[in-house]
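Below is one structure, written out as structure tokens; the observations come after it.
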């Protein structure tokens, strides 16, 4: 089973999340950063290229042996699906077509969702924007593991299992801890996705469907690009709740590694986040940061001081933490 984690509770704080305050300080000193606000005109084309690649790949993998299907799912299909997930993350901030065209952003998100198999694009937006606005809130920030998750997966082996199934926890946690009434767009997202899944399975076979489904599952778990899930907000240094990563995997993930910069300026598209750091290095260079997502995963699993409890949490209005 391995070592038991040393933490038995989350790190509770009674201060506001840090990004709003830092945003004001940075803009006061560097008002030129406002020029970086706006949409990324290239994002829609990247989505089209990635979805098209995945669709064409289905005609290749359906004729391969099962071992090759799984290998390609992990190495190629999963990586591309993860990139599409992070494209959806950009789209959730209306960074594809801008805030004046919200429906266009939602439609593009539904399209980007197709290879991922699990319908989540529309619902992700609502939960994710609350993660930004209420970072650490015990009810509204569904990015934080539940107390049950933290207690069950509290050993080295347990953390490895939790990492492997992280996409399921990530998808199901909001539905259990903070369910919302589905909107019409969510129903459309789900209906179209299930229809696409059926067509892939019916006309192209189980190998083609497995290539997509297994890729999504594997690339969100024990996979190098999945290290960003842990690196972003798990407390590797006490008192710091958001961390950036400036390594090469940002090229595959729309610069999601620039996570302090993203939370400080969610209206800046990923392609321009490096410019934020360049313009205001004094605010970012001294913050704790990660150099390797692979090392992040390794440390998370093996270090007993880090685990699902290693998150900063805040009380929600009307809720009380039992001491």
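Just so you know, glycine gets a Cβ as well, placed from its N, Cα and C.
Residues 87, 90-91, 94-98, 132, 134-136, 144, 150, 154-155, 159, 235, 238, 241-242, 254, 260, 263-265, 267-272, 275-276, 279-280, 283, 304-307, 309-315, 321 of the same chain, all 6+ positions outside the domain 'Sphingolipid delta4-desaturase N-terminal' (5-43), place their C-beta atoms under 8 angstroms from a C-beta of that stretch. Feature annotation from TrEMBL assigns domain 'Sphingolipid delta4-desaturase N-terminal' to 5-43.
What TrEMBL lists as transmembrane segment is 43-61 (among others).
Marked as transmembrane segment by TrEMBL: 67-87 (among others).
Here the transmembrane segment (107-124) has long-range neighbours at 44, 47, 50-51, 54-55, 77, 80-81, 84-85, 87-89, 91-92, 96-97, 167, 171, 174, 180, 182-183, 185-186, 188-190, 192-194, 196-197, 209, 212-213, 215-216, meaning same-chain residues at least 6 beyond its ends whose C-beta is under 8 angstroms from one of its own. Residues annotated as transmembrane segment in TrEMBL: 107-124 (among others).
Same-chain residues lying 6+ beyond the ends of the transmembrane segment (150-172) with a Cβ under 8 Å from its Cβ atoms: 1-5, 10, 118, 120, 216-217, 220-222, 226, 229-230, 297, 300-302, 304, 307-309. What TrEMBL records for 150-172 (among others) is transmembrane segment.
Using a Cβ-Cβ cut-off under 8 Å and counting only residues 6 or more beyond its ends in the same chain, the transmembrane segment (184-204) has close neighbours at 58-59, 62, 106, 109-110, 113-114, 117-123, 212. The transmembrane segment annotation in TrEMBL covers 184-204 (among others).
The transmembrane segment annotation in TrEMBL covers 210-230 (among others).
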Mean of the pLDDT scores, which run from 0 to 100, over the domain 'Sphingolipid delta4-desaturase N-terminal' (5-43): 96
